[in-house]
Amino acid sequence: MTGKHVTVLMGGWSSERSVSLSSGTACADILEAQGYNVVRVDVDDRIVSVLEELRPTTVFNALHGPFGEDGCIQGILEYLKIPYTHSGVMASALAMDKGRAKIIAASAGVSVAPSCVMSRFSLGAEHPMKPPYVIKPIREGSSFGVVIVGSDETMPLHDIMNNEWVYDDEIMVEKYVPGRELTCAVLGDEVLDVCEIVPKECFQFYDYDSKYKSGGSLHICPAKLSSNIYQNVQRMSLAAHQAIGCRGVSRSDFRFNEETGELIWLEINTQPGMTSTSLVPDIAKASGRTYGDIVKWIVEDASCMR
């Protein structure tokens with residue numbers, strides 16, 4: 001037994017609740033197998049009093065989406081002086097905001113696609129930029145709310161202006177870059193291997209189903225790329241991680257257009273999924289680490305005020 005009391009936070013109330021429960025359960029299981037004293041907490045509005053009562057040695061943050069990875073729970077844990085995993089308050093808030101994260105990444109020499117941030121209510125019949133482009137909620141993950149507008153399509157107001165839209169009113173409109181889906185993880189200050197994601201033909205892009213359904217996508221790790229492109233993905237992943245101020249593990253996503261040679265950084269994820277079909281465990285395997293190795297490393301890296 002390690003003697004370390006780890007509370008795993010999962011669930012919550014964001015649109016990524018089910019993914020968080022899967023990540024949290026998997027991580028809690030492996031930590032228990034490694035001898036940690038684990039308590040699983042499905043987060044609700046009583047979380048402050050729950051944490052005050054438990055007073056864990058460490059919190060493993062397996063929450064996804066708003067509240068869990070935008071600086072909110074991180075601020076609570078800082079106030080309670082409980083060491084926690086993954087990025088801190090500022091980096092979490094910045095990374096969750098796709099527009100601001102792109103500005104910071106670009107300032108560090110990371111290649112990004114042209115984009116603009118606006119209210120969804122300002123959209124009209126005319127395209128906000130020349131199609132093809134992508135519309136994304138500014139603060140969502142797991143591809144929730146993503147709309148791709150093709151070259152010959154009209155403005156999809158019915159998808160964005162209807163009453164079923166449950167995401168932020170602020171959106172990002174970004175040039176669509178065709179090509180291969182690439183991702184790369186950073187662990188501390190070490191950049192890991194590059195992985196290519198190949199969604200099954202039934203999926204238009206790497207959406208929620210292709211991410212989380214068993215067999216929804218193929219992970220090729222290490223990716224079959226030229227050494228120049230491979231190293232550029234690694235360089236930009238580390239540059240974004242450091243410029244935004246991330247700690248622990250992060251994962252950056254890219255698009256690579258082989259026809260034009262265009263390599264574009266899309267976003268950084270400070271709370272990457274840790275389910276059985278998640279990317280970080282697969283990337284870890286390529287670097288000689290087991291799933292248990294990486295979960296243990298994340299826990300031992302936990303801290304406050306960093």
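Glycine residues also receive a Cβ, built from the backbone N, Cα and C atoms like all the rest.
Annotated features, as they stand in Swiss-Prot:
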type    : residues       : note
BINDING : 128-183        : ATP binding site
BINDING : Asp253, Glu267 : Mg(2+) 1 binding site
BINDING : Glu267, Asn269 : Mg(2+) 2 binding site
DOMAIN  : 102-300        : domain 'ATP-grasp'
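Its Cβ taken as reference, Asp253 (Mg(2+) 1 binding site) is surrounded by 19 other Cβ atoms within 10 Å in the chains shown.
A gap of 26 Å separates the Cα atoms of Asn269 (Mg(2+) 2 binding site) and Pro128 (ATP binding site). Its own atom aside, the Cβ of Pro128 (ATP binding site) has 17 Cβ atoms within 10 angstroms in the protein chains shown. When the Cα atoms are compared, Glu267 (Mg(2+) 1 binding site) and Glu170 (ATP binding site) turn out to be 17 Å apart. The Cβ of Glu170 (ATP binding site) has Val117, Met118, Ser119, Arg120, Pro137, Ile138, Arg139 as same-chain neighbours under 8 Å, each 6 or more residues away in sequence. The number of other Cβ atoms within 10 Å of the Cβ belonging to Asn269 (Mg(2+) 2 binding site), over all protein chains shown, comes to 22.
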